[in-house]
Amino acid sequence: MTLAEFWPLCLRRLHDMLPQGQFAQWIAPLTVGEEGGVWVVYGKNQFACNMLKSQFAGKIEAVREELAAGRSAFVFKPGEGVRYEMAAVEGAVEPAEPSLHAVSEGMPVQEVLLDELPSEEPVKPAASKTAADILAERMKNLPHEPRQAAGSASRPESVAVAKARTDVQRDAEEARYEQTNLSPDYTFDTLVEGKGNRLAAAAAQAIAESPGQSYNPFFLYGSTGLGKTHLVQAVGNELLKNRPDAKVRYMHSDDYIRSFMKAVRNNTYDVFKQQYKQYDLLIIDDIQFIKGKDRTMEEFFYLYNHFHNEKKQLILTCDVLPAKIEGMDDRLKSRFSWGLTLELEPPELEMRIAILQKKAEAAGISIEDEAALFIANLIRSNVRELEGAFNRVGASSRFMNRPVIDIDLARTALQDIIAEKHKVITADIIIDAVAKYYRIKISDVLGKKRTRNIARPRQVAMSLTKELTTLSLPSIGDSFGGRDHTTVMHGIRAVAKLREEDPELAQDYEKLLILIQN
């Protein structure tokens, strides 16, 4: 099946499965093409491509799998190609005529519209206007169809009007994200939940429904790459979906510091204060970077009090507990803990696999269970590294024209990471790490004590040694003070059972795996 045959049918399928507004805004205006044998969907700009990949790529690829399974997955990129008409009835393909955006060899085809639209530059919104304001203003300037006489048959909206409405909606959407600094990719729909983030995700959804009420401030902490930014931006995107007129802003603490310093230099302090006080939801990532900056901390203290008194929502992220931020104003440390403070944990195996499967679905690529398990076992530390590994494998899949990611493809794409991970890990390294983690002596791990606080870490160390080294059971026994191999086997089985029954031990085990391998 050619692209000219496929795309009209795909449009029909998408038209039938999507809400009318979504189809008109995002799918109907698309153009397509073929580059080097690869089918390409062109978006108006990078923002549109990001939205397509995060929200619609899975549906487009599902249709391709059904109607043109032999073709490789679509690539999404900014540009213009050929626009095809939607098939009137499924199975009846319209003639493959290039439409408004088709480009012939050497000369562009001129757009022919039923109604002439005045050409004008896109309206750039004032900083104080909301997306709803922008949309309302621009909708007033759209060309309107003549009013139909009573009882007469209504005729379809003209191409010009439909296109203009779609462009206005999309431009307003882009303006919203420019104002808020939120990524359209970070939503609750694209968030994968697991043990490490389930409670935080539930709290975030509650905040999006009722900001400024129960959990204010919402303080989220954890190591880098665990998904803090995704989760807090999802709150902003969800709030705007429910309340388009809400004033939301996401920023890194460095941006807050720079804007404050600029206000001091330019003597625009009052403007600075009013700018931040206007927001209904303010999200600041990595708040720890304001530590040691006395004037910035003082100003943020007053801003915090304003948000709290006005019941406006404040969301903050950090790499450690508020109480452990060295150099932070004690008053701020205290206020950070007034609301809800939660930690994000490294993703467990099941969550890592689910993340890979979700990424594959969004990219329109199939991934075999064995390959997902392999990648999830290889990358244990954080979500960011896991997504980076998937992007490499996904790129290899497209370049090699292999629509299914299997374990061989994953191994080939990640061979340098595999080589790094396979550095020599010895029983001594594991014993030392476990002793430090549980705050016991190495001599206790190797000794004869059988108290629970010693025996359990010893069994964990044995199990880790079995997983991370090539030592046999007798050799592991020798490394642990000359123990019998049956003792080692018993310890490994005990830990395997406890990892299923005891969430705390399972979490300890995962943390130790990450510490030892990194």
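Glycine is no exception: its Cβ is also placed from the backbone N, Cα and C atoms.
So that you can see what the record holds, here are the features copied from Swiss-Prot:
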- 1-72: region 'Domain I, interacts with DnaA modulators' (REGION)
- 72-180: region 'Domain II' (REGION)
- 145-172: region 'Disordered' (REGION)
- 181-397: region 'Domain III, AAA+ region' (REGION)
- G225, G227, K228, T229: ATP binding site (BINDING)
- 398-518: region 'Domain IV, binds dsDNA' (REGION)
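Residues belonging to the region 'Domain III, AAA+ region' (181-397) score a mean pLDDT of 90 in the model.
The binding-site residues G225, G227 differ in how many other CB atoms lie within 10 Å of their CB, and the one with the most is G227. Listed in sequence order, the residues of the same chain lying 6 or more apart from T229 (ATP binding site) and placing their CB within less than 8 Å of its CB are Y186, D285, T317. Taking H, G and I as helix, E and B as strand and the rest as coil, DSSP gives the region 'Domain IV, binds dsDNA' (398-518) the counts 89 helix, 2 strand, 30 coil.
Around K228 (ATP binding site), the same-chain residues six or more apart in sequence whose CB sits under 8 Å from its CB are L220, Y221, G222, D285, T317, L344, listed in sequence order. Using the Cβ center of G225, G227, K228, T229 for ATP, the list of other same-chain residues with Cβ within 8 Å runs, in sequence order, G222, T224, L226, H230, L231, T317, L344, N382, V383, R384. Look at the region 'Domain I, interacts with DnaA modulators' (1-72): DSSP puts its residues at 45 helix, 11 strand, 16 coil. A helical conformation is recorded for K228 (ATP binding site) in the three-state DSSP classification.
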